[in-house]
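Asker: Sharing a structure, written as structure tokens. Questions coming.
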Amino acid sequence: MEEALFEAEQAAVIGEVPIGAVIVHNGQIIGRGHNLREHGHDATLHAEIRAIEEACATLQSWRLNDCQLYVTIEPCLMCSGAIINARIPEVFYGARDPKAGAVDSLYATLTDSRLNHTVAVHEGLLAKDAGERMVAFFKAARRRQKAAKKARKAAQVNAPDKLLDSTKKS
């Protein structure tokens, strides 16, 4: 899970939501990923999807039957679907995601017996670290948004003065 946290930090450094994931096979990391939605302009570039893609390429198989996925935050609906389709038998995640979590928070996708594959789920691994990274990231993002809004307002307030100045020069 510490490697997943490292991946989350890589995302945070470049301004992405700090979520990281690794896939382990026989004790070795064979896939890793962190969020790249903003940089890639692609809604599917979640940490879990990127780790699954890399693991599948490493094993030369779409079936990840003997693997474990470690992810810092509870997977969303899309990532849960990919986990099921990749036949990953076991998922370890850090903190819950009350807004988009599809493992325990909003849905129980991975353990739904109506689906063709169910997954053993382990919650809370380094949850405090994972949760704190998310809180810090979104707190900073809100601060930046507030500052940008304030700057836009100030620019609008000063705009009439600039317009008057330019008409006086004509």
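Cβ from N, Cα, C; glycine included.
So TrEMBL says this about it:
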ACT_SITE  GLU48  active site, proton donor
BINDING   HIS46, CYS76, CYS79  Zn(2+) binding site
DOMAIN    1-104  domain 'CMP/dCMP-type deaminase'
REGION    149-170  region 'Disordered'
Asker: Give the distance between the Cα atoms of CYS79 (Zn(2+) binding site) and the residue listed as 'active site, proton donor', rounded to the nearest whole Å.
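Answerer: CYS79 (Zn(2+) binding site) and the residue listed as 'active site, proton donor' have their Cα atoms 6 Å apart.
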Asker: By a 10 A CB contact count over all chains shown, which of the binding-site residues listed here is most packed: CYS76, CYS79?
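Answerer: Its Cβ has the most other Cβ atoms within 10 Å: CYS79.
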Asker: Report, in whole Å, the straight Cα-to-Cα distance of CYS76 (Zn(2+) binding site) from the residue listed as 'active site, proton donor'.
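Answerer: Checking the Cα atoms of the residue listed as 'active site, proton donor' and CYS76 (Zn(2+) binding site) gives a distance of 9 Å.
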Asker: Which whole number is the mean pLDDT over the domain 'CMP/dCMP-type deaminase' (1-104)?
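Answerer: Mean per-residue confidence for the domain 'CMP/dCMP-type deaminase' (1-104): 97 out of 100.
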Asker: Setting HIS46, CYS76, CYS79 aside, what same-chain residues sit with their Cβ within 8 Å of the center of the Cβ atoms that define the Zn(2+) site, listed in sequence order?
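Answerer: Going along the sequence, the neighbours appear as ALA47, GLU48, ILE49, PRO75, LEU77, MET78, SER80, ALA82, ALA100, ALA102.
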